[in-house]
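The next block holds one structure in the form of C-alpha coordinates; read it before the comments.
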Amino acid sequence: MKDGPRPRSFYALAAVFALFVAFLWGPMVAIVALSFQGPDGGLVFPMRGVSLHWFAVLWSNEGSVDISGAFWRSFRLALVVMVLTVVISVMAGLAFRRRFPGAMVLLYIAIASLIVPSIVVSLGIGLEFRLFDGLVQSLGGDWAQRNFVTLLGTFTSGLGAHLTWTLPFGLLIMFAVFNRFDPSYEEAARDLGASRWQTFVHVTLPIIAPFLIGVAVFGFTLSWDELARSSQVMGSTNTLPMQLAALTTTVTTPEIYALATLTTGASLLLVGVLLTCAFVLRRRRSAG
Amino acid sequence: MTDTIDTGARRSIRRAIPRLGLRRGQGAGEGLLLALPMWLVFALFFLLPLAVTLVVSFWEFTQYSIEPAFILRNYADLFDGCIDGLPYLCTTLKTYLSTLKFCFLVWAVTLVIGFSVAYFLAFHVRSLPMQVTCFLICTIPFWTSIVIRMIAWIPLLGRNGLVNQALMGMGVTDQPLEWLLYSDFSVILALVHLYTLFMVVPIFNSMMRIDPALIEAARDSGASGRQTLTNVVIPLARPGILIGSIFVVTIVMGDFLTIGIMGGQQIASVGKTIQTEIQYLQFPLAAANAVLLLIAVMLAISALLRMVDIRKEL
(Lines of atoms letter the chains of each structure in order from A and count residues from 1; the text may use other names and numbers.)
(Lines give C-alpha, C1' and ligand atoms only; values in the text may rest on other atoms or scores of the structure.)
Protein backbone atom coordinates (compact mmCIF):
# COMPACT_ATOMS: atom_id res chain seq x y z
CA MET A 1 0.00 0.00 0.00
CA LYS A 2 2.88 2.31 0.84
CA ASP A 3 4.60 2.15 -2.54
CA GLY A 4 1.85 1.73 -5.07
CA PRO A 5 0.72 4.49 -7.42
CA ARG A 6 -1.30 7.25 -5.76
CA PRO A 7 -5.05 6.59 -5.73
CA ARG A 8 -7.37 9.22 -7.14
CA SER A 9 -8.50 10.24 -3.67
CA PHE A 10 -4.94 11.35 -2.99
CA TYR A 11 -5.15 14.16 -5.51
CA ALA A 12 -8.53 15.29 -4.28
CA LEU A 13 -7.39 15.38 -0.66
CA ALA A 14 -4.08 16.98 -1.58
CA ALA A 15 -6.09 19.75 -3.22
CA VAL A 16 -8.20 20.10 -0.06
CA PHE A 17 -5.05 20.31 2.03
CA ALA A 18 -3.51 22.92 -0.27
CA LEU A 19 -6.68 25.02 -0.09
CA PHE A 20 -6.70 24.67 3.69
CA VAL A 21 -3.12 25.92 3.92
CA ALA A 22 -3.92 28.82 1.60
CA PHE A 23 -6.96 29.59 3.76
CA LEU A 24 -4.79 29.60 6.90
CA TRP A 25 -1.95 31.63 5.47
CA GLY A 26 -3.68 33.94 3.01
CA PRO A 27 -5.00 36.55 5.44
CA MET A 28 -1.75 36.61 7.41
CA VAL A 29 0.32 37.11 4.29
CA ALA A 30 -2.03 39.91 3.26
CA ILE A 31 -1.62 41.96 6.43
CA VAL A 32 2.14 41.38 6.66
CA ALA A 33 2.44 42.68 3.09
CA LEU A 34 0.16 45.65 3.81
CA SER A 35 2.17 46.59 6.92
CA PHE A 36 5.15 47.45 4.71
CA GLN A 37 3.27 50.14 2.77
CA GLY A 38 4.33 53.71 2.10
CA PRO A 39 3.06 56.67 4.18
CA ASP A 40 -0.21 57.05 2.27
CA GLY A 41 -1.15 53.40 2.44
CA GLY A 42 -4.63 52.30 3.43
CA LEU A 43 -6.25 49.25 4.93
CA VAL A 44 -6.79 47.41 1.64
CA PHE A 45 -4.94 46.44 -1.53
CA PRO A 46 -3.42 47.67 -3.81
CA MET A 47 -0.28 48.51 -1.85
CA ARG A 48 0.76 52.14 -2.03
CA GLY A 49 4.54 52.13 -2.03
CA VAL A 50 6.90 50.07 0.06
CA SER A 51 8.51 51.39 3.26
CA LEU A 52 8.99 50.85 6.97
CA HIS A 53 6.99 54.02 7.66
CA TRP A 54 4.28 52.38 9.79
CA PHE A 55 6.82 50.53 11.91
CA ALA A 56 8.59 53.84 12.54
CA VAL A 57 5.28 55.44 13.57
CA LEU A 58 4.64 52.53 15.90
CA TRP A 59 8.15 52.66 17.35
CA SER A 60 8.09 56.40 18.03
CA ASN A 61 4.76 56.09 19.85
CA GLU A 62 3.62 59.12 17.84
CA GLY A 63 0.68 57.50 16.14
CA SER A 64 -2.68 56.67 17.58
CA VAL A 65 -1.27 53.61 19.28
CA ASP A 66 0.56 53.59 22.62
CA ILE A 67 1.68 50.05 22.68
CA SER A 68 4.94 49.68 24.54
CA GLY A 69 3.34 49.51 28.00
CA ALA A 70 0.98 46.72 27.03
CA PHE A 71 3.69 44.98 25.00
CA TRP A 72 6.15 44.68 27.90
CA ARG A 73 3.43 43.90 30.42
CA SER A 74 2.26 41.01 28.25
CA PHE A 75 5.85 39.90 27.76
CA ARG A 76 6.60 39.83 31.50
CA LEU A 77 3.32 38.08 32.25
CA ALA A 78 3.96 35.46 29.55
CA LEU A 79 7.44 34.79 30.97
CA VAL A 80 6.10 34.30 34.50
CA VAL A 81 3.27 32.11 33.22
CA MET A 82 5.80 30.09 31.20
CA VAL A 83 8.06 29.40 34.20
CA LEU A 84 5.16 28.58 36.54
CA THR A 85 3.51 26.34 33.94
CA VAL A 86 6.69 24.32 33.49
CA VAL A 87 7.39 23.98 37.23
CA ILE A 88 3.83 23.20 38.30
CA SER A 89 3.22 20.81 35.39
CA VAL A 90 6.41 18.86 36.07
CA MET A 91 5.58 18.58 39.76
CA ALA A 92 2.05 17.43 38.96
CA GLY A 93 3.36 15.05 36.28
CA LEU A 94 5.66 13.46 38.87
CA ALA A 95 2.77 13.31 41.33
CA PHE A 96 0.56 11.43 38.86
CA ARG A 97 3.26 8.76 38.52
CA ARG A 98 2.93 8.19 42.24
CA ARG A 99 -0.86 7.70 42.14
CA PHE A 100 -1.82 10.06 44.94
CA PRO A 101 -5.34 10.13 46.38
CA GLY A 102 -7.60 12.48 44.43
CA ALA A 103 -5.59 12.13 41.22
CA MET A 104 -8.64 11.46 39.07
CA VAL A 105 -10.47 14.46 40.55
CA LEU A 106 -7.56 16.76 39.77
CA LEU A 107 -7.41 15.43 36.21
CA TYR A 108 -11.13 16.01 35.68
CA ILE A 109 -10.79 19.54 37.06
CA ALA A 110 -7.92 20.24 34.67
CA ILE A 111 -9.98 19.03 31.70
CA ALA A 112 -12.99 21.02 32.90
CA SER A 113 -10.79 24.11 33.06
CA LEU A 114 -10.17 23.72 29.31
CA ILE A 115 -13.84 23.28 28.47
CA VAL A 116 -15.63 25.84 30.66
CA PRO A 117 -16.15 28.97 28.52
CA SER A 118 -13.44 31.57 29.13
CA ILE A 119 -15.95 34.36 29.74
CA VAL A 120 -17.36 32.36 32.68
CA VAL A 121 -13.92 31.77 34.20
CA SER A 122 -13.01 35.40 33.69
CA LEU A 123 -16.23 36.67 35.26
CA GLY A 124 -15.80 34.26 38.19
CA ILE A 125 -12.25 35.36 38.97
CA GLY A 126 -13.26 39.01 38.61
CA LEU A 127 -16.14 38.55 41.07
CA GLU A 128 -13.96 36.57 43.47
CA PHE A 129 -11.37 39.33 43.61
CA ARG A 130 -14.05 41.97 44.05
CA LEU A 131 -15.22 40.06 47.10
CA PHE A 132 -11.62 39.81 48.35
CA ASP A 133 -11.37 43.59 47.93
CA GLY A 134 -14.48 44.05 50.04
CA LEU A 135 -12.98 41.77 52.69
CA VAL A 136 -9.72 43.71 52.80
CA GLN A 137 -11.63 47.00 52.99
CA SER A 138 -13.70 45.86 55.94
CA LEU A 139 -10.85 44.19 57.82
CA GLY A 140 -8.08 46.68 57.07
CA GLY A 141 -9.67 49.64 58.82
CA ASP A 142 -8.27 53.12 58.28
CA TRP A 143 -5.11 52.05 56.54
CA ALA A 144 -7.09 50.14 53.93
CA GLN A 145 -9.50 53.03 53.43
CA ARG A 146 -6.63 55.31 52.53
CA ASN A 147 -4.17 53.09 50.67
CA PHE A 148 -5.89 50.02 49.37
CA VAL A 149 -7.40 50.05 45.91
CA THR A 150 -7.81 46.54 44.58
CA LEU A 151 -6.22 43.10 44.45
CA LEU A 152 -7.14 42.79 40.78
CA GLY A 153 -4.04 43.06 38.63
CA THR A 154 -1.80 41.57 35.99
CA PHE A 155 0.22 39.43 38.36
CA THR A 156 -2.55 38.42 40.76
CA SER A 157 -5.88 37.64 39.12
CA GLY A 158 -4.43 37.94 35.61
CA LEU A 159 -1.68 35.44 36.32
CA GLY A 160 -4.17 33.01 37.87
CA ALA A 161 -6.56 33.27 34.94
CA HIS A 162 -3.76 32.50 32.48
CA LEU A 163 -2.60 29.52 34.55
CA THR A 164 -6.07 27.96 34.41
CA TRP A 165 -5.62 27.99 30.64
CA THR A 166 -1.96 26.87 30.34
CA LEU A 167 -1.75 24.24 33.12
CA PRO A 168 -4.16 21.71 31.54
CA PHE A 169 -2.05 21.75 28.38
CA GLY A 170 1.13 21.41 30.43
CA LEU A 171 -0.29 18.48 32.39
CA LEU A 172 -1.44 16.64 29.26
CA ILE A 173 2.01 17.08 27.69
CA MET A 174 3.63 15.73 30.87
CA PHE A 175 1.38 12.65 30.63
CA ALA A 176 2.60 12.06 27.10
CA VAL A 177 6.21 12.51 28.25
CA PHE A 178 6.03 10.18 31.24
CA ASN A 179 4.14 7.56 29.22
CA ARG A 180 7.21 7.20 27.03
CA PHE A 181 9.61 7.41 29.95
CA ASP A 182 11.79 4.41 30.79
CA PRO A 183 11.99 4.16 34.61
CA SER A 184 14.93 1.74 34.50
CA TYR A 185 17.31 4.73 34.30
CA GLU A 186 15.96 5.97 37.60
CA GLU A 187 16.20 2.51 39.13
CA ALA A 188 19.80 2.28 38.02
CA ALA A 189 20.57 5.63 39.63
CA ARG A 190 18.90 4.54 42.85
CA ASP A 191 20.78 1.21 42.82
CA LEU A 192 24.00 3.16 42.55
CA GLY A 193 23.09 5.02 45.71
CA ALA A 194 21.65 8.29 44.39
CA SER A 195 19.16 10.03 46.64
CA ARG A 196 15.73 10.76 45.20
CA TRP A 197 16.64 14.40 44.66
CA GLN A 198 19.91 13.42 42.94
CA THR A 199 18.00 10.94 40.79
CA PHE A 200 15.60 13.68 39.74
CA VAL A 201 18.25 16.33 39.02
CA HIS A 202 20.83 14.12 37.32
CA VAL A 203 18.66 11.52 35.59
CA THR A 204 14.98 12.37 35.24
CA LEU A 205 15.29 16.08 34.51
CA PRO A 206 17.93 15.80 31.73
CA ILE A 207 15.83 13.13 30.03
CA ILE A 208 12.62 15.17 30.02
CA ALA A 209 14.31 18.55 29.40
CA PRO A 210 13.63 18.77 25.63
CA PHE A 211 9.92 18.16 26.23
CA LEU A 212 9.85 20.79 28.94
CA ILE A 213 10.77 23.27 26.25
CA GLY A 214 7.59 22.18 24.50
CA VAL A 215 5.64 22.94 27.67
CA ALA A 216 7.42 26.30 27.86
CA VAL A 217 6.46 27.15 24.26
CA PHE A 218 2.84 26.33 25.05
CA GLY A 219 2.92 28.29 28.30
CA PHE A 220 4.38 31.38 26.71
CA THR A 221 2.34 31.51 23.52
CA LEU A 222 -0.97 30.61 25.18
CA SER A 223 -0.46 33.45 27.66
CA TRP A 224 0.94 35.90 25.10
CA ASP A 225 -2.12 35.46 22.87
CA GLU A 226 -4.71 35.02 25.62
CA LEU A 227 -7.65 37.37 25.40
CA ALA A 228 -10.96 35.84 26.48
CA ARG A 229 -9.87 34.94 30.03
CA SER A 230 -7.99 38.21 30.44
CA SER A 231 -11.03 40.36 29.76
CA GLN A 232 -12.32 40.79 33.34
CA VAL A 233 -9.26 40.07 35.44
CA MET A 234 -6.57 42.59 34.57
CA GLY A 235 -7.85 45.41 36.75
CA SER A 236 -6.88 48.83 35.48
CA THR A 237 -4.07 47.48 33.27
CA ASN A 238 -4.36 45.69 29.97
CA THR A 239 -2.42 43.20 27.89
CA LEU A 240 -1.28 43.38 24.29
CA PRO A 241 -4.15 41.31 22.87
CA MET A 242 -6.63 43.46 24.82
CA GLN A 243 -5.04 46.59 23.42
CA LEU A 244 -5.17 45.10 19.94
CA ALA A 245 -8.85 44.21 20.31
CA ALA A 246 -9.60 47.76 21.41
CA LEU A 247 -7.65 49.15 18.46
CA THR A 248 -9.65 47.19 15.90
CA THR A 249 -12.51 49.62 16.35
CA THR A 250 -10.50 52.85 16.37
CA VAL A 251 -7.41 52.60 14.18
CA THR A 252 -7.88 53.03 10.47
CA THR A 253 -4.27 53.10 9.28
CA PRO A 254 -1.81 50.30 8.43
CA GLU A 255 -0.24 50.98 11.83
CA ILE A 256 -2.36 48.16 13.22
CA TYR A 257 -1.01 45.83 10.53
CA ALA A 258 2.54 46.84 11.49
CA LEU A 259 1.68 45.99 15.07
CA ALA A 260 0.27 42.64 13.96
CA THR A 261 3.44 41.89 11.99
CA LEU A 262 5.56 42.86 14.99
CA THR A 263 3.74 40.74 17.57
CA THR A 264 3.54 37.76 15.22
CA GLY A 265 7.27 38.14 14.55
CA ALA A 266 8.02 38.27 18.28
CA SER A 267 5.94 35.18 18.90
CA LEU A 268 7.52 33.22 16.03
CA LEU A 269 11.01 34.32 17.08
CA LEU A 270 10.53 33.02 20.59
CA VAL A 271 9.03 29.74 19.40
CA GLY A 272 11.93 29.38 16.96
CA VAL A 273 14.53 30.02 19.66
CA LEU A 274 12.94 27.58 22.09
CA LEU A 275 12.50 24.85 19.47
CA THR A 276 16.12 25.28 18.39
CA CYS A 277 17.13 24.83 22.04
CA ALA A 278 15.10 21.62 22.18
CA PHE A 279 16.68 20.40 18.97
CA VAL A 280 20.23 21.16 20.18
CA LEU A 281 19.53 19.45 23.49
CA ARG A 282 18.38 16.27 21.75
CA ARG A 283 21.28 16.40 19.31
CA ARG A 284 23.78 16.67 22.11
CA ARG A 285 22.10 13.85 23.94
CA SER A 286 22.20 11.46 21.01
CA ALA A 287 25.81 12.48 20.28
CA GLY A 288 26.89 11.90 23.89
CA MET B 1 -26.21 3.49 28.11
CA THR B 2 -24.77 6.59 29.71
CA ASP B 3 -23.10 4.18 32.10
CA THR B 4 -21.12 2.52 29.34
CA ILE B 5 -20.07 5.86 27.88
CA ASP B 6 -18.99 6.97 31.28
CA THR B 7 -16.90 3.94 32.07
CA GLY B 8 -15.47 4.01 28.56
CA ALA B 9 -14.44 7.62 28.91
CA ARG B 10 -13.10 7.03 32.39
CA ARG B 11 -11.08 4.07 31.22
CA SER B 12 -9.54 6.00 28.36
CA ILE B 13 -8.70 8.89 30.68
CA ARG B 14 -7.19 6.53 33.20
CA ARG B 15 -5.14 4.93 30.48
CA ALA B 16 -3.62 8.33 29.77
CA ILE B 17 -2.11 8.51 33.24
CA PRO B 18 1.44 7.20 33.26
CA ARG B 19 1.56 3.75 34.76
CA LEU B 20 5.24 3.57 35.48
CA GLY B 21 7.49 4.54 38.29
CA LEU B 22 7.00 3.59 41.86
CA ARG B 23 5.25 0.69 43.41
CA ARG B 24 1.73 1.12 44.66
CA GLY B 25 1.36 2.91 47.96
CA GLN B 26 4.89 4.19 47.91
CA GLY B 27 5.24 7.95 48.08
CA ALA B 28 1.54 8.79 48.13
CA GLY B 29 2.29 11.58 50.57
CA GLU B 30 5.00 12.87 48.31
CA GLY B 31 2.56 12.69 45.42
CA LEU B 32 0.06 14.81 47.28
CA LEU B 33 2.75 17.36 48.02
CA LEU B 34 3.89 17.48 44.39
CA ALA B 35 0.32 17.97 43.18
CA LEU B 36 -0.33 20.69 45.74
CA PRO B 37 0.64 23.71 43.57
CA MET B 38 -1.68 22.58 40.80
CA TRP B 39 -4.47 21.98 43.30
CA LEU B 40 -3.95 25.46 44.73
CA VAL B 41 -4.11 27.17 41.33
CA PHE B 42 -7.27 25.35 40.31
CA ALA B 43 -8.89 25.82 43.72
CA LEU B 44 -8.21 29.54 43.85
CA PHE B 45 -8.68 30.45 40.19
CA PHE B 46 -11.18 27.92 38.92
CA LEU B 47 -13.28 26.14 41.56
CA LEU B 48 -13.76 29.07 43.92
CA PRO B 49 -14.59 31.51 41.08
CA LEU B 50 -17.24 29.10 39.77
CA ALA B 51 -18.69 28.81 43.28
CA VAL B 52 -18.63 32.60 43.66
CA THR B 53 -20.41 32.96 40.32
CA LEU B 54 -23.14 30.58 41.43
CA VAL B 55 -23.57 32.41 44.75
CA VAL B 56 -23.57 35.89 43.23
CA SER B 57 -26.19 34.84 40.68
CA PHE B 58 -28.67 34.93 43.60
CA TRP B 59 -27.57 38.37 44.84
CA GLU B 60 -29.25 41.73 44.45
CA PHE B 61 -27.70 44.59 42.59
CA THR B 62 -28.19 48.32 42.31
CA GLN B 63 -26.64 50.64 39.78
CA TYR B 64 -23.35 50.81 41.62
CA SER B 65 -23.17 47.92 44.08
CA ILE B 66 -23.98 44.25 44.59
CA GLU B 67 -25.58 43.06 47.83
CA PRO B 68 -25.67 39.58 49.37
CA ALA B 69 -29.17 38.14 49.22
CA PHE B 70 -30.99 35.08 48.06
CA ILE B 71 -33.35 36.08 45.30
CA LEU B 72 -34.38 34.42 42.08
CA ARG B 73 -35.04 37.69 40.29
CA ASN B 74 -31.91 37.45 38.11
CA TYR B 75 -33.05 34.13 36.72
CA ALA B 76 -36.61 35.37 36.42
CA ASP B 77 -35.31 38.36 34.44
CA LEU B 78 -33.46 36.02 32.08
CA PHE B 79 -36.62 34.13 31.24
CA ASP B 80 -38.88 37.17 31.30
CA GLY B 81 -41.59 36.66 28.69
CA CYS B 82 -40.13 33.36 27.51
CA ILE B 83 -43.21 31.29 28.35
CA ASP B 84 -46.16 33.66 28.03
CA GLY B 85 -44.62 35.42 25.06
CA LEU B 86 -44.67 32.33 22.86
CA PRO B 87 -44.77 31.85 19.92
CA TYR B 88 -42.61 35.01 19.87
CA LEU B 89 -39.16 34.23 21.18
CA CYS B 90 -37.82 36.16 24.16
CA THR B 91 -34.35 37.69 24.00
CA THR B 92 -32.68 34.89 25.92
CA LEU B 93 -34.10 32.17 23.69
CA LYS B 94 -33.27 34.14 20.56
CA THR B 95 -29.70 34.63 21.73
CA TYR B 96 -29.29 30.96 22.54
CA LEU B 97 -30.79 29.93 19.21
CA SER B 98 -28.44 32.26 17.36
CA THR B 99 -25.48 30.91 19.33
CA LEU B 100 -26.56 27.32 18.64
CA LYS B 101 -26.84 28.11 14.94
CA PHE B 102 -23.23 29.30 14.90
CA CYS B 103 -22.20 26.24 16.93
CA PHE B 104 -23.81 23.85 14.51
CA LEU B 105 -22.55 25.51 11.33
CA VAL B 106 -19.00 25.94 12.59
CA TRP B 107 -18.99 22.39 13.94
CA ALA B 108 -20.19 20.94 10.63
CA VAL B 109 -17.66 22.89 8.55
CA THR B 110 -14.69 22.27 10.86
CA LEU B 111 -15.59 18.57 11.07
CA VAL B 112 -15.63 18.10 7.30
CA ILE B 113 -12.44 20.11 6.72
CA GLY B 114 -10.71 18.74 9.80
CA PHE B 115 -11.51 15.14 8.92
CA SER B 116 -10.32 15.54 5.32
CA VAL B 117 -7.08 17.23 6.33
CA ALA B 118 -6.41 14.70 9.10
CA TYR B 119 -7.14 11.84 6.68
CA PHE B 120 -4.72 13.29 4.13
CA LEU B 121 -1.98 13.74 6.73
CA ALA B 122 -2.47 10.33 8.32
CA PHE B 123 -2.96 8.11 5.28
CA HIS B 124 -1.59 9.90 2.24
CA VAL B 125 1.54 11.61 3.54
CA ARG B 126 3.95 8.73 3.59
CA SER B 127 6.99 9.78 5.61
CA LEU B 128 7.24 11.09 9.14
CA PRO B 129 9.41 14.15 8.31
CA MET B 130 6.86 15.10 5.66
CA GLN B 131 4.04 14.77 8.20
CA VAL B 132 5.93 16.96 10.67
CA THR B 133 6.54 19.56 7.97
CA CYS B 134 2.87 19.62 6.95
CA PHE B 135 1.87 19.98 10.58
CA LEU B 136 4.28 22.85 11.13
CA ILE B 137 2.86 24.60 8.06
CA CYS B 138 -0.60 24.28 9.60
CA THR B 139 0.38 25.34 13.13
CA ILE B 140 2.56 28.39 12.47
CA PRO B 141 -0.44 30.68 11.85
CA PHE B 142 -1.76 29.57 15.25
CA TRP B 143 1.16 31.18 17.03
CA THR B 144 -0.29 34.61 16.66
CA SER B 145 -3.03 36.47 18.47
CA ILE B 146 -6.59 35.59 17.52
CA VAL B 147 -7.31 39.31 17.16
CA ILE B 148 -4.67 39.56 14.46
CA ARG B 149 -6.02 36.50 12.71
CA MET B 150 -9.42 38.18 12.69
CA ILE B 151 -8.39 41.60 11.44
CA ALA B 152 -6.36 39.84 8.77
CA TRP B 153 -9.65 39.24 6.96
CA ILE B 154 -10.34 42.96 6.56
CA PRO B 155 -8.11 43.53 3.51
CA LEU B 156 -9.64 40.49 1.86
CA LEU B 157 -13.33 40.76 2.70
CA GLY B 158 -13.85 44.50 3.17
CA ARG B 159 -15.99 46.59 0.84
CA ASN B 160 -12.89 47.44 -1.19
CA GLY B 161 -11.14 44.19 -0.34
CA LEU B 162 -9.48 41.73 -2.65
CA VAL B 163 -12.50 39.46 -2.96
CA ASN B 164 -14.80 42.29 -3.98
CA GLN B 165 -12.17 43.69 -6.35
CA ALA B 166 -11.80 40.27 -7.96
CA LEU B 167 -15.55 39.69 -8.22
CA MET B 168 -16.14 43.10 -9.77
CA GLY B 169 -13.15 42.65 -12.06
CA MET B 170 -14.61 39.42 -13.35
CA GLY B 171 -17.95 41.11 -13.80
CA VAL B 172 -19.74 38.76 -11.39
CA THR B 173 -21.19 41.75 -9.58
CA ASP B 174 -21.13 45.46 -10.31
CA GLN B 175 -21.49 46.55 -6.69
CA PRO B 176 -19.26 45.44 -3.80
CA LEU B 177 -20.89 42.70 -1.76
CA GLU B 178 -21.74 44.02 1.69
CA TRP B 179 -22.30 40.67 3.40
CA LEU B 180 -18.68 39.57 3.19
CA LEU B 181 -17.59 41.41 6.33
CA TYR B 182 -19.37 42.14 9.62
CA SER B 183 -21.99 39.49 8.97
CA ASP B 184 -22.92 35.93 9.94
CA PHE B 185 -20.76 34.82 7.05
CA SER B 186 -17.61 36.52 8.29
CA VAL B 187 -18.20 35.28 11.85
CA ILE B 188 -18.44 31.67 10.65
CA LEU B 189 -15.47 32.10 8.33
CA ALA B 190 -13.32 33.51 11.14
CA LEU B 191 -14.38 30.83 13.62
CA VAL B 192 -13.57 28.11 11.09
CA HIS B 193 -10.26 29.80 10.40
CA LEU B 194 -9.43 30.00 14.10
CA TYR B 195 -10.48 26.58 15.31
CA THR B 196 -10.26 23.97 12.52
CA LEU B 197 -6.86 22.88 13.79
CA PHE B 198 -8.48 21.86 17.07
CA MET B 199 -10.44 19.36 15.01
CA VAL B 200 -7.48 18.22 12.89
CA VAL B 201 -5.12 17.35 15.76
CA PRO B 202 -7.30 14.92 17.76
CA ILE B 203 -8.70 13.24 14.63
CA PHE B 204 -5.19 12.86 13.22
CA ASN B 205 -4.10 11.44 16.56
CA SER B 206 -6.75 8.70 16.55
CA MET B 207 -6.16 7.94 12.86
CA MET B 208 -2.46 7.39 13.54
CA ARG B 209 -3.43 4.68 16.03
CA ILE B 210 -5.36 2.71 13.39
CA ASP B 211 -3.45 -0.41 12.44
CA PRO B 212 -2.82 -0.26 8.66
CA ALA B 213 -3.41 -4.01 8.58
CA LEU B 214 -7.07 -3.38 9.38
CA ILE B 215 -7.50 -1.19 6.33
CA GLU B 216 -5.66 -3.70 4.18
CA ALA B 217 -7.86 -6.48 5.56
CA ALA B 218 -10.98 -4.49 4.69
CA ARG B 219 -9.68 -3.96 1.17
CA ASP B 220 -8.71 -7.62 0.77
CA SER B 221 -12.18 -8.66 1.87
CA GLY B 222 -13.56 -6.61 -0.99
CA ALA B 223 -14.62 -3.40 0.72
CA SER B 224 -14.77 -0.37 -1.53
CA GLY B 225 -12.96 2.81 -0.52
CA ARG B 226 -16.20 4.30 0.76
CA GLN B 227 -17.05 1.16 2.74
CA THR B 228 -13.59 1.13 4.32
CA LEU B 229 -14.08 4.76 5.27
CA THR B 230 -17.49 4.34 6.89
CA ASN B 231 -16.94 0.90 8.46
CA VAL B 232 -13.30 1.05 9.52
CA VAL B 233 -11.79 4.52 9.57
CA ILE B 234 -14.67 6.61 10.95
CA PRO B 235 -15.57 4.25 13.81
CA LEU B 236 -11.92 4.00 14.85
CA ALA B 237 -11.40 7.77 14.57
CA ARG B 238 -14.44 8.37 16.80
CA PRO B 239 -12.60 9.38 19.97
CA GLY B 240 -10.69 12.04 18.04
CA ILE B 241 -13.85 13.29 16.34
CA LEU B 242 -15.50 13.49 19.75
CA ILE B 243 -12.68 15.40 21.43
CA GLY B 244 -12.39 17.84 18.52
CA SER B 245 -16.17 18.37 18.48
CA ILE B 246 -16.31 19.07 22.22
CA PHE B 247 -13.51 21.58 21.83
CA VAL B 248 -15.06 23.44 18.91
CA VAL B 249 -18.63 23.43 20.21
CA THR B 250 -17.71 24.66 23.69
CA ILE B 251 -15.45 27.38 22.31
CA VAL B 252 -18.14 28.70 19.97
CA MET B 253 -20.82 28.54 22.68
CA GLY B 254 -18.86 30.86 24.94
CA ASP B 255 -17.43 33.04 22.21
CA PHE B 256 -17.85 36.79 22.43
CA LEU B 257 -14.67 38.08 20.77
CA THR B 258 -15.03 36.64 17.28
CA ILE B 259 -18.75 37.33 17.11
CA GLY B 260 -18.02 40.84 18.43
CA ILE B 261 -15.18 41.79 16.11
CA MET B 262 -16.24 39.91 12.97
CA GLY B 263 -19.91 40.71 13.49
CA GLY B 264 -19.20 44.42 13.81
CA GLN B 265 -20.55 44.27 17.42
CA GLN B 266 -24.03 43.84 15.93
CA ILE B 267 -24.67 40.11 16.34
CA ALA B 268 -25.96 38.68 19.62
CA SER B 269 -24.38 35.76 21.42
CA VAL B 270 -24.56 34.45 24.96
CA GLY B 271 -20.95 35.40 25.68
CA LYS B 272 -21.54 38.92 24.37
CA THR B 273 -24.63 39.32 26.54
CA ILE B 274 -22.57 38.40 29.61
CA GLN B 275 -19.86 40.83 28.57
CA THR B 276 -22.35 43.65 28.12
CA GLU B 277 -23.92 42.99 31.52
CA ILE B 278 -20.47 43.11 33.10
CA GLN B 279 -19.81 46.46 31.42
CA TYR B 280 -22.98 47.81 33.00
CA LEU B 281 -21.83 46.36 36.35
CA GLN B 282 -24.89 44.09 36.49
CA PHE B 283 -22.76 41.33 38.00
CA PRO B 284 -25.53 39.15 39.47
CA LEU B 285 -27.33 39.17 36.13
CA ALA B 286 -24.11 38.27 34.33
CA ALA B 287 -23.51 35.51 36.89
CA ALA B 288 -26.99 34.06 36.33
CA ASN B 289 -26.33 34.13 32.58
CA ALA B 290 -22.96 32.43 33.13
CA VAL B 291 -24.59 29.65 35.17
CA LEU B 292 -27.13 29.15 32.38
CA LEU B 293 -24.34 29.06 29.78
CA LEU B 294 -22.45 26.50 31.83
CA ILE B 295 -25.54 24.28 31.99
CA ALA B 296 -26.01 24.67 28.23
CA VAL B 297 -22.38 23.68 27.62
CA MET B 298 -22.76 20.58 29.78
CA LEU B 299 -25.95 19.64 27.90
CA ALA B 300 -24.15 20.09 24.59
CA ILE B 301 -21.29 17.85 25.71
CA SER B 302 -23.63 15.12 26.90
CA ALA B 303 -25.59 15.41 23.64
CA LEU B 304 -22.37 14.97 21.67
CA LEU B 305 -21.35 11.96 23.73
CA ARG B 306 -24.75 10.41 23.22
CA MET B 307 -24.93 11.16 19.52
CA VAL B 308 -21.63 9.47 18.86
CA ASP B 309 -22.67 6.49 20.93
CA ILE B 310 -26.00 6.12 19.16
CA ARG B 311 -24.25 5.93 15.84
CA LYS B 312 -22.28 3.02 17.21
CA GLU B 313 -25.51 1.27 18.18
CA LEU B 314 -27.01 1.55 14.69
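If you go along the chain as it appears here, the first residue is 1 and each next one adds 1.
Cβ from N, Cα, C; glycine included.
Keep in mind that what you see is a predicted model, and the values were worked out from it rather than measured.
According to TrEMBL, the domain 'ABC transmembrane type-1' annotation covers A:71-280.
Positions annotated as transmembrane segment by TrEMBL: A:12-36 (among others).
The transmembrane segment annotation in TrEMBL covers A:75-96 (among others).
Residues or ranges marked as transmembrane segment by TrEMBL: A:105-127 (among others).
Using a Cβ-Cβ cut-off under 8 Å and counting only residues 6 or more beyond its ends in the same chain, the transmembrane segment (A:147-178) has close neighbours at 73, 76-77, 80-81, 84-86, 88-90, 92-93, 96-97, 107, 110-111, 113-114, 118, 121-122, 125-126, 128-130, 132-133, 136-137, 140, 208, 211, 214-215, 218-219, 222-223, 226, 229-230, 233-237, 239. Taken from TrEMBL, the feature transmembrane segment covers A:147-178 (among others).
Here the transmembrane segment (A:199-224) has long-range neighbours at 74-75, 77-79, 81-86, 89-90, 94, 162, 165-166, 169-170, 173-174, 176-178, 181, 185-186, 188-190, 240-241, 267, 270-271, 274-275, 277-278, 281-282, 285, meaning same-chain residues at least 6 beyond its ends whose C-beta is under 8 angstroms from one of its own. Residues annotated as transmembrane segment in TrEMBL: A:199-224 (among others).
The transmembrane segment feature in TrEMBL is assigned to A:256-281 (among others).
Simply put, out of A:12-36, A:75-96, A:105-127, A:12-36 has the most Cβ pairs sitting under 8 Å from the transmembrane segment (A:256-281).
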